[in-house]
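These notes concern the structure reproduced below.
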Amino acid sequence: MAVVGVLALQGSYNEHMSALRRIGVKGVEVRKPEQLQGLDSLIIPGGESTTMAKLANYHNLFPALREFVGAGKPVWGTCAGLIFLANKAVGQKLGGQELVGGLDCTVHRNFFGSQLQSFETELSVPMLADKEGGSNTCRGVFIRAPAILEVGSDVEILAECPVPSGRPSITIPSAEGVEEEVYSKDRVIVAVRQGSILATAFHPELTSDCRWHRFFLDMDKESHPKAFSALSLSSSSRGSEGGSKTKPFDLPIFE
Amino acid sequence: MASDGSGVVTVYGSGNNGAGTQLEPKSSPFSVKVGLAQMLRGGVIMDVVNAEQARIAEEAGACAVMALERVPADIRAQGGVARMSDPGLIREIKRAVTIPVMAKARIGHFVEAQILESIGVDYVDESEVLTLADDAHHINKHNFRVPFVCGCRNLGEALRRIREGAAMIRTKGEAGTGNVIEAVRHVRSVMGDVRALRSMDDDEVFTYAKSIAAPYDLVMQTKQLGRLPVVQFAAGGVATPADAALMMQLGCDGVFVGSGVFKSGDPARRARAIVQAVTHYSDPNVLAEVSCDLGEAMVGINLSDPKVERFAARSE
């Protein structure tokens, strides 16, 4: 059976775990490099990317994560996870932060600004409706969200979002910090796929729409169809590890 | 009516959230307010008094910082009226780091909250650590686009704050003491009440809601969820990695550390250790490793001394 890892250093890993539970898939929390072994795919959740990078560093997770991505196993990053997967990020803290890389794009770490500029919108994602059915749009919750400024040629753009009007101009610090450039387009990329890597700037795990999670699992199926045939709705028989005394309680989904 | 953007959505009944008390909904829906708190889960929020400390906190892996003029231990030592910090200082701290910046407003002082919203802080803590501005009323937090975190000692207090619009709850603990006993008492009280509530007959919930002076709809929602309907952090007296992990094992979603970091011998090291302890809270091997050689912890205050003022008892 396929086992989906969720990087559980900090952030919305509980939400991803419960989204996986809702669609009947076993999720495993990953905090140490050895826990990546035996996983078929990995979700890197939202959270504070600097915090997650620090914690990953303390336990020497970066080499193992790079190896996992390099092996072509499906990986999905939401928000902070997108930053982790990008080859290049701008607008980082002083001294920068370590990235996993693998996704050929440039990410602006805090494109949409601070919490007061956080927002929710209906995103048009025709691909999602094609593959998983349902409506052409999905709920996009953007929390201090990043955005994708540029993508390489083999990156497929899945969704774009209008840049909120009435925002102060968004500057893009160049790599050397010498000159700043103002973002002039009125739309910005917020969801992409490159081979086995999926990345979203928003948080499907905060909504009741499980289609992104299903889509991600289908990517896994594409990559090795046989191993997958007998999966789903499994009673999580093996390794009912650690926290067996009580099932964790989930936060409600805010509509 | 899936969304009126005004409050916690109840999961029972018709989808009407029964909250007629708010003014017109603002552009920032509750999902977005709680969303940031959800992104902070499993993280540590640290009190800092200047940009340099903020950078140390960020470097250690704090998921947010609380910008203050004085940490609670100093407020306790120096006495007097404690107010909102200088907005200039908060701005400076905001410029220094990329992680979210929170700031404290006095309980009931909605103008301080307006000022904090206007300078763009990411979260406002309506805090009993500052001197009260209003001893009867808390801020109507529905009127703000910025989300609020509030303290509580028990379930009733937590749900009253949520009904007022708080998108995140923390234990009150006893800030600035380095003594975790009150935070433990408060989290045990909330968790114990939730457990008792879960096994309660539905017919008994009306009277129970009345007895804890909490809105019925939120009590019912809590019963159905088996937990508070928003993110719950621990705060007040956390001084060591073990304290932080204790609060996590008791069921908190994350930890605030006030004076515990920058009143200790080696702040950078202790900050890093507490961050790791919160992530690996159920792994004693990691906890043992990170607890080594941290230097001196902050001084502790024994709370059985009647002369020690109880911040937690300042509001209901």
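Glycine is no exception: its Cβ is also placed from the backbone N, Cα and C atoms.
Feature annotation from TrEMBL assigns active site, schiff-base intermediate with D-ribose 5-phosphate to B:Lys104. If you look up TrEMBL, you'll see B:Asp47, B:Gly176, B:Gly237, B:Gly258, B:Ser259 marked as D-ribose 5-phosphate binding site. Among the features that TrEMBL reports, D-glyceraldehyde 3-phosphate binding site is placed at B:Arg188. Look at TrEMBL and you will find B:30-235 tagged as domain 'PdxS/SNZ N-terminal'.
Here the features listed in TrEMBL are placed on the structure.
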residue: B:Asp47; record: D-ribose 5-phosphate binding site; Cβ neighbours (10 Å): 30
residue: B:Lys104; record: active site, schiff-base intermediate with D-ribose 5-phosphate; Cβ neighbours (10 Å): 28
residue: B:Gly176; record: D-ribose 5-phosphate binding site; Cβ neighbours (10 Å): 27
residue: B:Arg188; record: D-glyceraldehyde 3-phosphate binding site; Cβ neighbours (10 Å): 14
residue: B:Gly237; record: D-ribose 5-phosphate binding site; Cβ neighbours (10 Å): 30
residue: B:Gly258; record: D-ribose 5-phosphate binding site; Cβ neighbours (10 Å): 28
residue: B:Ser259; record: D-ribose 5-phosphate binding site; Cβ neighbours (10 Å): 26
Message: Please report the distance from the Cα of B:Ser259 (D-ribose 5-phosphate binding site) to the Cα of B:Lys104 (active site, schiff-base intermediate with D-ribose 5-phosphate), rounded to the nearest angstrom.
response: 15
Query: So, in DSSP terms, is B:Gly258 (D-ribose 5-phosphate binding site) helix, strand, or coil?
result: coil
- prompt: Over the residue list B:Asp47, B:Gly176, B:Gly237, B:Gly258, B:Ser259, recorded for D-ribose 5-phosphate, what is the maximum interresidue Cα distance in Å?
  reply: 12
Message: According to DSSP, does B:Lys104 (active site, schiff-base intermediate with D-ribose 5-phosphate) sit in a helix, a strand, or coil?
response: strand
- prompt: If you take the centroid of the Cβ atoms of B:Asp47, B:Gly176, B:Gly237, B:Gly258, B:Ser259, the listed D-ribose 5-phosphate site, which other residues of that chain have their Cβ within 8 Å of it?
  reply: B:Val71, B:Pro72, B:Ala73, B:Val129, B:Ala175, B:Thr177, B:Gly178, B:Gly236, B:Val238, B:Val257, B:Gly260, B:Lys263, B:Met298
Task: For B:Asp47 (D-ribose 5-phosphate binding site) and B:Lys104 (active site, schiff-base intermediate with D-ribose 5-phosphate), determine the Cα separation and express it in whole Å.
output: 10
Query: What mean pLDDT score does the domain 'PdxS/SNZ N-terminal' (B:30-235) have in the model?
result: 95
